[in-house]
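*Asks:* The annotation region '4-hydroxy-3-methylbut-2-enyl diphosphate reductase' is assigned in Swiss-Prot to 1-279. According to Swiss-Prot, the feature [4Fe-4S] cluster binding site maps to CYS12, CYS99, CYS191, an assignment based on sequence analysis. For HIS42, HIS77, HIS127, SER219, SER220, ASN221, SER263, the entry in Swiss-Prot reads isopentenyl diphosphate binding site. Sequence annotations record features per position, and here Swiss-Prot assigns dimethylallyl diphosphate binding site to HIS42, HIS77, HIS127, SER219, SER220, ASN221, SER263 based on sequence analysis. The feature active site, proton donor is assigned by Swiss-Prot to GLU129. The domain 'S1 motif 1' annotation in Swiss-Prot covers 298-373. Positions annotated as domain 'S1 motif 2' by Swiss-Prot: 380-455. Positions annotated as domain 'S1 motif 3' by Swiss-Prot: 476-544. The domain 'S1 motif 4' feature in Swiss-Prot is assigned to 561-630.
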Amino acid sequence: MSIILAKKSGFCYGVKRAVDTCLKIKQNYPDKIIYTLGPLIHNNDVVDFLKTKNIFSIGYENIDTLKEGDIIILRSHGVTLETIQKLKEKKLNIIDATCPYVSNIQKKAQKYYKEGYSILIVGDKNHPEVIGINGWCNNSAIICRKAEEIEDLPKKICVVSQTTEKKEHWISVLSKVVNECREVVAFNTICNATEVRQLSAEDLSKEVDFMIVIGSKSSSNTTKLYEICKNNCSNTIHIENAGELPDYISNKYSKIGVTAGASTPDWIIKEAIFKMSNKNLNEQLEYMENNDIQISIGQEVEGEIVSIVSSNEAYVNIGYKSDAILLLSEVTKDNDEDINNFVKKGDIIKGKIIKLGSENKPPVISVIELNRENAYVELKEAFENKEKVVVKVKEDVNGGLISIYKNIVRVFIPASHVELRHVDDLSIYKGCELTVNIIEFEEGRNNTRIVASRRDLLKEEQSKVEEETWSSLEKDTIKEGEVRRLTDFGAFVNINGVDGLLHVSEISWGRVEKPSDMLKVGDKIKVYIKDIDKDKKKLALSIKDLTKDPWKDVEVKYPVGNIVLGTVVRFASFGAFVELEPGVDGLIHISQISHKRVDRVEDELSIGEQVKAKIVEVDGEKRKIGLSIKEVNDI
């Protein structure tokens, strides 16, 4: 005969935590009677064991018999919010041993009820866990175990599950809800330990001749284990302890399977196996001992994400007697992040144990600590080999940017190394990913100083672009550029990373006093490459050469003897210059303004004034046109 114990069976984390909490409280108060509000867990043997320690279960109806200062422990299944308020009013010493998974469901029910959602609980309406959850949404929840039990559904609904419910029930109910409701928020709150235990029992029950399910007859999860096993193995029995084992089993069956509910302690399982095998120890007991792994600080472990209880924490099944907790701070250094952005339920992760578990708290696992050493090695290699790395900016500080590498290692970027030019507001980089070079890696006794530069990479990129641009530029071609800088003598125009000078005299055929009168920084303009010296990296540009020289054929356009209309644009001591068209000015000599004596030009004319004048001279080669106002007046 062989006895096979299911790989996952017996106490779950929440149950063990509740029992351990009771025993620890008793150690702290050895002379006091301790009370639990209802049976601490669904296991009569454990409840009887607690009685021997002066830890007694009382019903809700007996709360009024308690006195101020009495110790009352909330059962692992949780209680209603109203019950907690009543206990507080009596000024009792309340110890909360509610399973963390159940507490999570209670908080969700309360939150979404306050936001206007109807709450639907997939589970047994008479189970204390479900009764407790319902109490966190004003006892208004819709409670069912199967889809066919639901009739009229509200349009806005939040769905949760009893932690020990069958997955098939959850799926059937959720399918109906999704099809009939307009707005659905659903949380699969079936405890992973329950699901794993059920799968393990199902697999084992298909392989054996006889199946034994150990646990309280009042335990919901144990009853479900029995139903699952019975479906696969007709020779399945449900017992509470070894005393209920039939005598014929050992002689009649050669392959016996054993599983146990979440409220069944190891000693009850061992007692049952011992009775069947008639040995002090056998392979299955050894398996139980070996399966109860030991952990130590710094130990590398691998596990599965079994639940994400908030934006800051998740639980990981590492094969230990309780799940480990993974905090956001142990995944990333960015406190503004959400742990859901890094892990999902079902993910397999690796980490290091950084805190051992206690009676009331699970062990803590860190992804950061496992990856930190590798991250430092990578950054050191990047520094030595001058390789690029990508960092994410966390915040701007006086003097630069604080960034993180792989959500673990702090890297500082000085303000002068962020861009090629000075940046006034560094806050615009918060949350951005930047590619940088490590320019300083200094290992100290207590920390490592790491400094990076983005400017150096930008310089390299700029140099590459400049070289490509210089290779492509040719004299007497037209390019598009951007005005980057203005001076009194011209404008600097950038063409694909190369700056060229647009002299003030090349902006227009007309007279330009200041470049800023015609252009502004940021303007996109077309320019003519007037001259280029690739060796000296000099580029002369022109806008006016994009248009025809207005002095060409000027004798034809402005024949001598004709009257022309122009605009006075500037004065000289010897006369006034009149613009005939952009780039073509004529001179009215002071002697040609009037028949009377003119001492000052500005006494007779004003800037911007339009005047008629006779063309008296045209010299295209010397770019001169002589005009006369007084000869117009003679006509």
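Glycine is treated like the rest: Cβ placed from N, Cα and C.
Remember, it's a predicted structure, so these values are computed and weren't measured experimentally.
Help me see these features in their spatial surroundings.
*Replies:* Over all protein chains present, the Cβ of CYS191 ([4Fe-4S] cluster binding site) has 26 other Cβ atoms lying within 10 Å.
DSSP assigns HIS42 (isopentenyl diphosphate binding site) to coil in the three-state reduction, outside any helix or strand. Using a 10 Å Cβ-Cβ cutoff, HIS42 (isopentenyl diphosphate binding site) registers 29 neighbours.
Same-chain residues at least 6 positions away in sequence with a Cβ under 8 Å from that of SER220 (isopentenyl diphosphate binding site) are, in sequence order, HIS42, ASP124, HIS127, GLU129, GLN162, THR164.
Under the DSSP three-state reduction, GLU129 (active site, proton donor) is assigned to helix.
Per-class residue totals from DSSP over the domain 'S1 motif 1' (298-373), listed helix then strand then coil: 13 helix, 29 strand, 34 coil.
Mean pLDDT for the domain 'S1 motif 3' (476-544) in the predicted structure: 90.
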*Asks:* Roughly how many Å lie between the Cα atoms of CYS99 ([4Fe-4S] cluster binding site) and SER219 (isopentenyl diphosphate binding site), rounded to a whole value?
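*Replies:* SER219 (isopentenyl diphosphate binding site) has its Cα 15 Å from the Cα of CYS99 ([4Fe-4S] cluster binding site).
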*Asks:* Where SER263 (isopentenyl diphosphate binding site) and CYS191 ([4Fe-4S] cluster binding site) are concerned, what is their Cα separation in Å, rounded?
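*Replies:* That separation, Cα to Cα, works out to 14 Å.
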*Asks:* Taking 10 A as the limit, how many CB atoms besides its own sit near the CB of SER219 (isopentenyl diphosphate binding site)?
*Replies:* 26
*Asks:* DSSP on the domain 'S1 motif 2' (380-455): how many residues come out helix, how many strand, how many coil?
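*Replies:* Output for the domain 'S1 motif 2' (380-455) reads 14 helix, 39 strand, 23 coil.
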*Asks:* Can you count the other CB atoms that lie within 10 A of the CB of HIS127 (isopentenyl diphosphate binding site)?
*Replies:* 21
*Asks:* List, in sequence order, the same-chain residues at least six positions removed whose CB sits under 8 Å from that of ASN221 (isopentenyl diphosphate binding site)?
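*Replies:* Within the chain, ASN221 (isopentenyl diphosphate binding site) has Cβ neighbours under 8 Å at THR164, THR194, ARG197, GLY215, GLY261, ALA262, SER263.
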*Asks:* Helix, strand or coil at CYS191 ([4Fe-4S] cluster binding site), per DSSP?
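*Replies:* Where CYS191 ([4Fe-4S] cluster binding site) sits, the three-state DSSP reduction gives coil.
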*Asks:* The domain 'S1 motif 4' (561-630) and the domain 'S1 motif 2' (380-455): do they have three or more Cβ pairs under 8 Å, with pairs 6 or more apart in sequence?
*Replies:* no
*Asks:* Using the Cβ center of HIS42, HIS77, HIS127, SER219, SER220, ASN221, SER263 as the dimethylallyl diphosphate site position, which other residues in that chain lie within 8 Å, going by their Cβ?
*Replies:* ILE41, PRO128, GLU129, THR164, SER216, SER218, THR222, GLY261, ALA262
